[in-house]
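Visitor: Before I ask anything, here is the structure I am working with.
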Ligand SMILES: *[C@@H]1O[C@H](CO)[C@@H](O)[C@H](O)[C@H]1NC(C)=O
Ligand SMILES: *[C@@H]1O[C@H](CO)[C@@H](O)[C@H](O)[C@H]1NC(C)=O
Ligand SMILES: *[C@@H]1O[C@H](CO)[C@@H](O)[C@H](O)[C@H]1NC(C)=O
Ligand SMILES: *[C@@H]1O[C@H](CO)[C@@H](O)[C@H](O)[C@H]1NC(C)=O
Ligand SMILES: *[C@@H]1O[C@H](CO)[C@@H](O)[C@H](O)[C@H]1NC(C)=O
Ligand SMILES: *[C@@H]1O[C@H](CO)[C@@H](O)[C@H](O)[C@H]1NC(C)=O
């Protein structure tokens with residue numbers, strides 16, 4: 001009995017020790033938190049609930065610490081005391097003057113007292129001064145968010161950096177402020193932009209590693225920390241009992257430094273902040289120096305701006321696309337088809353290799369599932385090594401293509417730009433490309449004639465829509481079996497429409513204007529570079545021949561599909577050109593129609609080619625195909641474009657530089673494969 005009581009007491013004792021050691025708190029705004037915080041010098045809690053460390057006054061210092069000291073050393077386990085783990089997250093805003101740069105910065109701080117007497121402003125951020133800087137007796141650990149170039153030569157010229165500091169303003173690690181979603185790419189983040197930024201600081205007492213992560217508030221926490229994990233043994237820095245909080249300072253340059261929300265824990269992850277409750281600071285301007293008349297003007301300007309912002313806000317809310325803190329240029333806000341990078345990143349499991357469903361000259365295509373609605377999409381990642389100029393025009397065009405809707409098109413759902421990458425989001429089409437089904441040796445299933453006939457009719461309908469039925473004429477420019485995707489009902493859907501035309505704006509490449517794929521290029525294209533609906537019809541004709549014959553347009557320099565069909569035709573044995581894999585299981589009338597229509601569409605003379613509307617009438621037996629003699633002289637059919645001096649359909653030779661984008665595509669870049 002006594003031993004039970006003893007055990008219970010022991011348990012309670014240990015429980016209390018553990019309790020006493022672990023600290024956890026959260027401030028979603030600081031309204032009513034005056035007692036919980038120890039404020040020093042310039043720091044105040046504003047009525048709105050903002051913790052303001054400094055205003056825009058020169059040489060100001062502000063400190064704000066959690067009032068209760070925190071047990072930071074664990075003496076229980078080993079002989080030498082070990083610093084305890086902790087996690088913290090907070091949202092800050094640094095609002096600099098409207099003109100010029102602000103200063104200096106703020107720092108998350110572990111310090112032995114809530115006041116740091118003697119500490120200096122400017123570069124010292126209210127933590128150190130010129131005599132004690134670097135002295136181990138400071139017992140200060142800080143993570144600085146500094147906007148002025150100072151002690152760290154490594155940081156960029158503008159000084160916009162984050163650093164880990166131990167007893168000194170000389171950082172043990174520092175990085176230009178940016179946030180990253182994967183190892184290869186990062187986006188700069190201007191600390192003093194005035195926009196709220198969320199930071200996470202994690203210290204692991206076991207591995208003695210610290211990591212610092214930042215991103216614009218509202219974005220998901222980046223997977224990659226900005227700094228770390230970096231080895232810093234805090235056991236040698238902290239005292240038994242420490243205070244945790246913030247310090248900030250101004251100098252000749254001034255900014256308002258705000259903490260908007262903060263949580264901290266020595267026992268697990270920091271409690272997540274409720275971002276919707278945080279009292280975000282307005283980007284107020286320094287008004288003290290303005291004369292009254294100026295104030296009036298500014299006030300009216302402000303109200304106009306406020307009104308504009310309100311309208312913009314309502315518009316965005318209406319579109320349910322409000323992404324407040326993704327750094328967007330104004331024009332981008334008006335693009336309903338713009339996707340969040342984070343969503344595409346999540347959808348494709350971080351652009352994981354295993355999610356790649358196609359690779360081509362542009363980049364890779366990933367399969368993904370949108371987190372918002374669970375829809376499957378294909379995300380095409382076009383990598384450009386030089387920045388895309390005229391991107392605005394480019395996206396305007398994509399925006400308009402995003403409105404195209406037809407059952408025989410692979411609909412473009414939207415886009416996203418990220419640094420030099422352009423991401424295009426398409427419907428996901430499960431059955432791969434027509435080229436894959438026609439030519440793949442792995443594929444044992446042979447497309448039946450019925451399926452093939454249905455597919456070419458579908459593609460004709462899709463092309464007609466692009467050429468004639470939509471509000472603008474859209475020239476596809478890259479019609480080919482590799483760009484035809486087959487959906488679950490075995491209907492053909494044309495992908496990548498209009499995209500080729502976009503490349504032509506010179507936005508992505510400065511090389512030749514000829515766009516398309518060898519074997520599908522109408523002869524006049526190679527002469528003039530002028531694409532037209534008629535050159536699309538030419539490529540469609542080649543597609544018809546591919547489907548009927550089951551062969552690629554150019555297999556070797558000795559086999560050009562169209563020439564071979566012409567020869568059969570001239571021998572009066574056109575049906576011999578039919579795909580042997582079909583084992584003669586086709587409707588003779590239809591096969592003959594498709595072969596002859598293929599020749600007609602791929603006529604050397606643009607004028608001789610039918611329009612898509614006529615093509616559909618032929619395919620539906622509404623009109624009779626003109627007799628074979630009407631094709632013109634066979635010689636004119638046999639003019640080989642210079643282009644065709646190629647080794648195989650997958651290799652370009654000759655004078656066309658392969659740019660980073662590759663205007664001339666020899667491989668299929670299938671949106672949904
Ligand atoms: C802060 O608290 C005061 C009363 O204590 C209240 O009047 C005020 O509205 C609160 N502000 C916010 C932003 O919640
Ligand atoms: C620096 O700070 C220490 C206290 O930490 C103080 O004793 C000293 O006088 C200060 N030095 C200067 C130059 O202000
Ligand atoms: C560090 O500070 C302590 C006390 O403030 C002082 O005695 C010591 O000389 C300083 N050390 C250095 C290297 O400046
Ligand atoms: C701790 O940081 C060091 C580098 O400072 C790194 O090599 C090590 O892998 C990190 N450990 C963990 C657990 O992250
Ligand atoms: C801090 O949070 C990370 C995850 O965010 C977690 O893995 C780690 O265990 C936490 N550290 C502590 C001391 O709880
Ligand atoms: C965040 O705060 C809002 C407003 O106070 C509240 O409606 C919401 O439930 C909170 N969310 C969480 C996760 O606590």
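From the backbone N, Cα and C atoms, a Cβ is placed for every residue, glycine too.
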Visitor: In TrEMBL, which of 244-268, 269-293, 294-318 is tagged transmembrane segment?
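Guide: Going through 244-268, 269-293, 294-318 one by one, TrEMBL flags 294-318 as transmembrane segment.
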Visitor: Across all chains shown, how many C-beta atoms besides its own are within 10 angstroms of the C-beta of residue 381 (ATP binding site)?
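Guide: So the number of other Cβ atoms within 10 Å of residue 381 (ATP binding site) is 19.
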Visitor: Over the domain 'Protein kinase' (351-628), what is the model's mean pLDDT?
Guide: 84
